[in-house]
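Written below as structure tokens is the structure these notes are about.
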């Protein structure tokens, strides 16, 4: 501390004009050393100021926020992410799940929407189907169907109907036949049958049957058990 006081005293005296007139010529080197020390102190102060300004500039350029503001920004970012996820879930996921859930309901409603079929009849689209579980030949099934509400042995109309019936029935006669293996397949109404029937090599398999594998030919006089036995189908067309 005494050394610093001495230095500043010398600096003050050195700056005083009177002192400069009085000072002996032999102290020239001492004054020069003092001036160098003063210059060094000023230089150090300038460097410290520049370093402080440089740190501030680097801090600003990096975009760093003070801790409270940075925390607030992170919280807002998380909230934005959660809101975006919720919106995406609402837009994409919920309609997809609703569509999947509505598909079985739509099929059920289509199968039961008329609601005017007699008891023990199955409703699908605009038709009613009766399932006769007795083992019968094709001719016996034809006669049994004719005795129920003026219906007849079913003739498959389209692929959708065939797939629906095949999915719930093991096997059943349908109202399609031919006179021989050399004749075309026709319905009991005398119309040409347009769907494919898997034929067999047996010459006497001239009656058509609905099977899980599709439409196949079988012996008209057969009542043998296949899976759960033959099931007779009839259809009563309803007014929509």
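Here the Cβ of each residue, glycine as well, is placed from N, Cα and C on the backbone.
Copied over from Swiss-Prot, here are the features:
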type: COMPBIAS; residues: 1-12; note: compositional bias 'Polar residues'
type: CARBOHYD; residues: 100; note: N-linked glycosylation site
type: CARBOHYD; residues: 149; note: N-linked glycosylation site
type: CARBOHYD; residues: 179; note: N-linked glycosylation site
type: REGION; residues: 1-31; note: region 'Disordered'
type: TOPO_DOM; residues: 1-70; note: topological domain 'Cytoplasmic'
type: TRANSMEM; residues: 71-93; note: transmembrane segment
Identify, in sequence order, the residues in the chain of residue 179 (N-linked glycosylation site) that are 6 or more apart from it along the sequence and have a CB within less than 8 Å of its CB; answer 'none' if there are none.
-> 206
State the mean pLDDT for the topological domain 'Cytoplasmic' (1-70).
-> 52
